[in-house]
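Written out below as structure tokens is the structure these notes cover.
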Amino acid sequence: MTLRGAARARGGRGGGGGRPGCCLWLASWTAVAAAAAWATGAGAGAAAQGVSAASASVNHPPRFLIDGQTEIVLRLKEGPDTPVGSLIYRLRGADPDGDPLTFGVREAAGGGSEVLRVERAGPTEANVYLRKELDRETQDEYAVVLTLTDGHLGDGNFVTQSLLLLVEDVNDNAPAFKPYQPTVAVPEGTAPGRTLATLHATDPDEGPYGQVVYYLEEMDGDDKTFGISTVNGKGVIRLLGELDYERKFLYQLRVLAIDRANNGRVNTGTAALLVQVQDVEDQPPVFVAVSPVTRVSEDARVGTSVLQVKAIDGDRGINNPVTYSLVPGAQTSFNIDPKTGIIFTQEKLDRESPDNSNGAYILKIIAQENSKVVSPPPTASTEVTIIITDINDEIPTFRSPFYEAVVNENAQTNTPITFLKGALPQVYDHDQGNNGTFQMFLDGDKGIFEVTPPKGINEASFLIRVKDPTKLDFEKLTFLNFSIIAKEMVMNNPKYSLVPVTVHIKDMNDNFPEFTQPYYEVSVRENADVGTTVAWIQALDDDSGNFGTQGIRYTSLGGSMSDLLSLDPVTGIITIKSTGPSFDRELVSRHYLTVEARDDLGNGNRNSVQLVVNIEDVNDNPPIFLRTKYEARLFENSIDFESPLLLEAHDNDLNGTQNSKIQFRIASGDPFGNFSIDPTLGLMQPLTPIDFEQLLPPGKVAITNVLPLNLVVLAHDMGDPSLASEVPVVIYVQDINDHAPLFEHSQYARSIPEDMLGGSSIMQVKAWDDDGSSPNNVVVYRIQEGAEDKFVIDAETGVVSVAYGANLDPDRTDPKTTRYTLRVVALDGGIGEEQLQALAIVNISIIDVNNKVPVFLDPGVLRVKENTQVGQYIHKIQAIDPDDKPILRYRLDASNSEARSEEGTLIKSSEYDFMSMFELDPISGYLRVVKILDRERVETIRLGLTVEDLAAAKGKQVSSAILTIIIEDENDNNPKFRRPFYRRSVTENSKNGVTIINIVADDADKNRTITYSLEGPRSTAEFVHLDEDTGEVVVASKIDREQTPWLNFTVRATDSGFPPRSSLADVFIQILDENDNNPFFIGDLNNITVREDAPVGTEIAVIEAQDPDVGDFGKITFLLDRMSSQGKFQINADTGILSVADVLNREEQSSYLLIIEAWDNYQFGYATGESRNAFKQIGVNVVDVNDETPVFEIIYGCVTVNEFHPVREVVTAIKASDADDPNTPNGRIKFSIIDGNEQGMFKIENIDFTTARIVTLKSLKKLYGNYTLKIQAQDLGIPPNSATMDLEICVTDFNDNAPRFVNPTHNITIRVPENATIGSTIIEVKAEDDDIGPNAAIRYRLKPDSTNGWKTFSINDKTGVVVLKEPLDRERQKIYQVRVEAYDLGIPTALSSDLELTIYVRNVNDYEPQFLVNEFFVNFTEHAAPSSEKRLLVETVDRDEVDELDDPPTPVCYYIVIGNENELFRLDAVTHELTVMRELDREQQERHVLVVKATEDCLEIPTNISAFDPSDDTLLKVIIQILDINDNPPHFVKKVFTGGVSTDADFGTEFMQVKATDADVGENAVVKYFQIGRIQKSLTEGLENIQKPPFLVNENTGAVALNFDPQKGMKGYFDFMVLANDTDGLQDMARVYIYLLREDQRVKFVLRQQPAEIREKIDILREVLSNVTGAIVNVDEYKIHENHDGSVDKTKTDLYIHLVNRDDNSIMEVTDVLRLVDENIELLDALFKEFNVLDTQPAEALALKADTEGLMMIWLVGTTIFLGLLLILVLSICLSQRARYKRQLKAATVAAFGSNESGLNHATGGQVPNTNMHSVEGSNPMWMRAYENEWYKEDESVSTSERDSLDENAVGNEEAQTNMEGSKPFCIYNGGSSNNVSNLLPEGTAVKERNDLNRSVIYHENLYQHLDKISNPLIAKKLETTEL
């Protein structure tokens, strides 16, 4: 094989392009090594020519260096892409001898030497340059032989090397068309698809550059008529659309031949083609000159030319002659010339002739083409309208020769006359415009009438109506003759006609009766007899005969007393018919009546007048006192009543007369003349003061403080005869406190020891009072001042005693007090400022007793160094004793001592014996250290100290205190790391400041400020930073794991002591790898093509990517962006295979730009953001297939054309679309009619590939109807797809007929009643139309007129029903002229006709009967017999006018329409009397309201209405008041009243009230209360000396008051009966139980409500509490809440109650009550929430009670048996723990007492106040919510800790001594024996059985016996005060 052949065989093999960045033009090359081998000299010689054997032995030939190849192959692009002079290759050679080499080119056939030039570039190199431009189309390759010599081979001898130069093609040639025929002729009927021409273009380039594709352009833009396709390299031109010569007869086409270069330059060749369309006979004639409307005068002569039309052949290339004709029809007036097209008249014209349509002719002209080819010949038609212009040739003509009519006299203006004898009031003139317009007027009517309308056009109906009604008087004028004239309104020679009119005047009753006075007013005595004339009424009428005065009848008398009077219908005289209540002036003094008069013997016009009847008074009523009894209170020694006593009476007779004038006088009961009364005013006054004591018998005392005086007062009037009445007057003389008490002595004195027990009597003082009644003469005693809570006095006996709980120790007073001066006052029972008193001085001296307990001075806080020397004194303990010569001994109390570490942890003595560290001298109180102190084990020691007075008079006197010792620190401990070494890890590249580890060291010493330092290699310090304060190690600079996998160093911790101490710890840090490299894609895949029908799963590409990281960080995961793929493609996450995921649809989307993502570490790092990624975009193009069906553009409804639609004109256009590619046959559409065109009426023509049109093929005249064509649209794809559509074409009628009325006839008169309701039907009109469809659809409307009468009515536009739109009023207008227009819905012009209606309004009853008032009051008595009382209701009036057609007056009926649902009342509809059907009870309902309706329709009972409408005058509100009688006795609100009164209550206190109610009203409901029978006493103590009734009941209010002064120690309960009666003696009884209780027997409820709110519903609380506890609950008192600091909280109420045992009627103790409340807390939960109960507690604070027996027993056992003492001690500890745990359990389960949802359980955030075991036993803590009882935190005796410790409220000694600001301590906390009761009492208080403190407090045996845990701030309150 030759070198050239080998190169060609390897033509495609070679390297890539030139090296990047090189500036030389280098081609890819392949070097072929020379065939000779240089291993031997023989080989070299064989390669040389002509070299001798001798020379060969001395010179070695050179060789080409071509990298082992056999041939050099170069590829160069032709043309400018490889410019001349480009360096295309570099030759290299080698010479074994080192000789310089020379390269060259050998001349050879093929011109290779012409295109290359070799130039030496070095001793062994040469450059090859291009010397001639390459042209592949001239020569595509060059074979060149290169030469090489070293200069020693001899002339002509060379080493040769073959070089093959291949020329690569570039797109440098444009396609060129071969010769073709430039013009093509095509007939216009040629079917689409025919091939018209074939063109061929060639391109000398190779490959895609030489392949040609053809395109077509139409010069005028019509690019859808022709198409071109590339077939075998040729362009085939085909006809795509239809050709129409008439539309376009010449097409200029441009054919483009384009090569298929896919990048870079694209070359195009063009060719022009002219397509000529040849015309054929396929078009009908076309009218080119047509005048659509032409006018001709109706007097034109026969043969007159009217207009000319012109038509030409529709085929423009063929011009056949045209003939004209008219469509034969009914008209014969015109004809047309067949050749010229001139239309002319052929008979006389008459515009008014009925043969034409309103003077217009529509002519249809046919133009026919004279064709010899087409049969039948083509035709065309058109229409012209000829309008006949009018001339004035008609006379206005009336339809009747004369008219006769009638009208009523005084007819109103505009009233039409009524035509008689069937006359038609119409006139017509059929001329047009002004010629047919005429005016109408009257002649000779004297201005009485007028004609309307005054003007008409063509035809008009007219009315003659009244213009001046004042001249229509029958008495002056009975008839009238005149003429009516119709005259044209033209200017020249107007025509006219006239007819006579006779109008007859009808007589009417047009005058009303008139009364002689505008109103009548008369007077009659109230005792007038029957038959007495009341009034004479007269009326006159100007009419004559029965229409006048002689026909007047008085027809009606109405009003409030009309039933008692009689009216003479002829004379009008009114007399009394009967008497009754209406004649009682005191009931009604004036009556209003209405008298009606009517003419025409009572049947004609009516009028009415008002009659006022005044009732004159007679003296028939005695004076009546306003009250049945008068009472007044007169205080002793007073000359005025407590309130003025004014007696009032009234007389119902007429005011201002002697009959009603009243005078008063005292008739009896005042024998001594103590009182006087004003005779005129009735004011009664005392004349002299009255002394209460003088009214009593000598030596007697009044039971009550009031004495009654009974008088009788008489009142009489001044009438004749005079009438009088009497009334009792009771004067209550009330004792006043006018005598002061007197003491037996003015001064008293006594001495007592300081330890005298509370309650011990000291002395008695006595005083008396001279007043005559209780309580003024009752003396009670009080200590006014000086007692200082130490002494009390018995209020009744005057015994002075020591107060319970009082401490008389002078040492406990400041200043020291040994003498008390008491100011004792004696008070009588006077109230307020009237109370009188006397004063006595009592002096009491105190004898001192030694009984003081020693008290520690504040030990304070002691600070001691932890290494203090053993034996050193550190503190001195001191205590003081106010007693003389005390002997004090000190000791340490281990049981009350504790030690805590620095953290506050309690240290047990077994762990560290801190008590052995100290020693206390018992005599001097010096404290010293006996052992070394270690602060690290114990920091705080609380030493319990006790001091005892050995010189106590009796018992042990011991006090305790606490000394707090704080041990101060010394630096004796090294810092200690919390771990022996530290190991951590951190990721590479961590940011500076990232925390790696926190190193912490601790120091047991106080000097805990530790400093950290880093010790290690310097390189380590560059990467990390150690915070010297916190020990935090953080990143200091970027760390690279690959360079530094570990960091190891040491940390030193140094404390701040002196000298400082330190420790070391090792730290190891591992550096972790992180993902810090991004993936990257491999390859240059950018675009992909896929068919749209590719199955799901088809693989379309493989994506590759890499990541330099390893492990999960280097694992690649591929993702496909869902937004870009839209779900159509998917990618395998691991392999990167891209495939089809869903069905593709090119029509939805033809291309996609996919976004491929490559992620590393996806599985573990994607969700956390620790993955890295890369993106790549790939374009996917979808190739179309024919998978879409054409879709029609919907045509809605029916396509409408009329029957005159021109032939071959477009009916509608059809459009369809195909979603396939429109540039391919798949998206091109062809249309056809496949069904529905059997008659050949229509044809479809394709316009382009998406549009076609429907045209008519023949005339549609008389073919109106609906046609459905089935249209098919089919694409040109293979196989084709098609769709069908139904096209509806509606051929419609042409409107050429006007509607005509068939019902009713012209000029119909309709009579409508005046009261016709809105919406009533007046008439239904009907018209018909001879057209069809919408042209025959008729609508109706009312035509407006100048009087606007048409607005009163409305018409249904479809049915023709005329209805009433607005109410009619005959008095306003009687006659309406309405014109109805019927019009069709024709197209293009609607036609119409008119109809006139005359509507006459008939008179009706306009006005309903009307009440003149809205409300009417009547009275009925309760329990009166049914129908025994009758009440006549007020009358109505009627405002209707009367004319000659009115009926007789209608009676008015009354009906109840509201309020009688229970049928309690009956109303007579005719007589209007109201009666009662059943007995009424005022207590059930005292007021009834009825609504009565008056109506003239007495046959139909009106329905009930919902509410009274004041604007409706036919309605009357009747208000019925029920008068009361005394038929109800009083009733107590309950049969048993219970109450309680405290022994602290004062004399005269009203503490409870009995109450009774009476259902009656007024005087019948006045209740009096009386105590009856004895007051029974039970279980009483201390009440033996009370002789008088202990309680008094207030007669008026029922209040129960104390009638004695209760004292402490009294107890018991009382019961008695009370009676309540009213003024008539009806009565009821109840029992009263009253309990006398101590203050400590009451329970106080604290409620968050005000007292007024609680009083309203207190019975609910009593009932529920009573049901739950089973006891009687009595409410004692309401008070505004007082806080512990004395402030008042007005938002809370203190409710004091006590409970009574139902079994023995004993008062329950407070503890039992509180226990019951606690036990039933769940049942009371809802009640307490409703009343906002905050707390339940004793009303009086409880003190402590001593158990002396237990105390004695413990002391005996302690002194006799040591072992017994130990046993008791152990048992005490056990019991103490048990009690503590029980208390904690109770606190923890306290929520069980309330609902879980209660805000009380969690609103305070877990705080449960008052649950401390030291609270007073019996208190209920559940309702003491923390936020509402913050007072317990304000008391300094209570812990202020915010924690919820159950023991935090315990009071310590230092707290007790500073309790409250400046208050005295109430308890000393000794911490001693739990049985030493004296530890709880103030200094000097003796322990005795009668001590009040012991008696007031319940001391719980288990829970409250531990004295070190007792705290009760309530005891700090003062238990009792005796000062005023």
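Keep in mind that glycine also has a Cβ here, set from the backbone N, Cα and C atoms.
Just so it is clear, the model here is predicted, and its values are computed rather than measured.
Feature list (source: TrEMBL):
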- 81-177: domain 'Cadherin' (DOMAIN)
- 178-287: domain 'Cadherin' (DOMAIN)
- 288-398: domain 'Cadherin' (DOMAIN)
- 399-515: domain 'Cadherin' (DOMAIN)
- 516-625: domain 'Cadherin' (DOMAIN)
- 626-743: domain 'Cadherin' (DOMAIN)
- 856-977: domain 'Cadherin' (DOMAIN)
- 978-1081: domain 'Cadherin' (DOMAIN)
- 1088-1192: domain 'Cadherin' (DOMAIN)
- 1199-1301: domain 'Cadherin' (DOMAIN)
- 1304-1411: domain 'Cadherin' (DOMAIN)
- 1533-1653: domain 'Cadherin' (DOMAIN)
- 1752-1775: transmembrane segment (TRANSMEM)
- 1837-1857: region 'Disordered' (REGION)
- 1837-1846: compositional bias 'Basic and acidic residues' (COMPBIAS)
Is it the case that the domain 'Cadherin' (626-743) and the domain 'Cadherin' (1533-1653) have 3 or more CB pairs under 8 Å, with pairs at least 6 apart in sequence?
yes
Of the stretches 81-177, 516-625, 1199-1301, 1304-1411, 1533-1653, which racks up the most C-beta pairs under 8 Å with the domain 'Cadherin' (288-398)?
1199-1301
Are there at least 3 C-beta pairs under 8 angstroms linking the domain 'Cadherin' (1199-1301) and the domain 'Cadherin' (178-287), leaving out pairs fewer than 6 apart in sequence?
yes
Which residue counts does DSSP yield for the domain 'Cadherin' (1199-1301) in the helix, strand and coil classes, in that order?
3 helix, 54 strand, 46 coil
By DSSP, how many residues in the domain 'Cadherin' (288-398) are helix, how many strand, and how many coil?
0 helix, 50 strand, 61 coil
If you average pLDDT over the domain 'Cadherin' (1199-1301), what do you get?
88
In the domain 'Cadherin' (399-515), how many residues does DSSP assign to helix, to strand and to coil?
7 helix, 56 strand, 54 coil
Structural state census, the domain 'Cadherin' (516-625) (DSSP three-state):
16 helix, 49 strand, 45 coil
Going by DSSP, how much of the domain 'Cadherin' (626-743) is helix, how much is strand and how much is coil, in residues?
4 helix, 51 strand, 63 coil
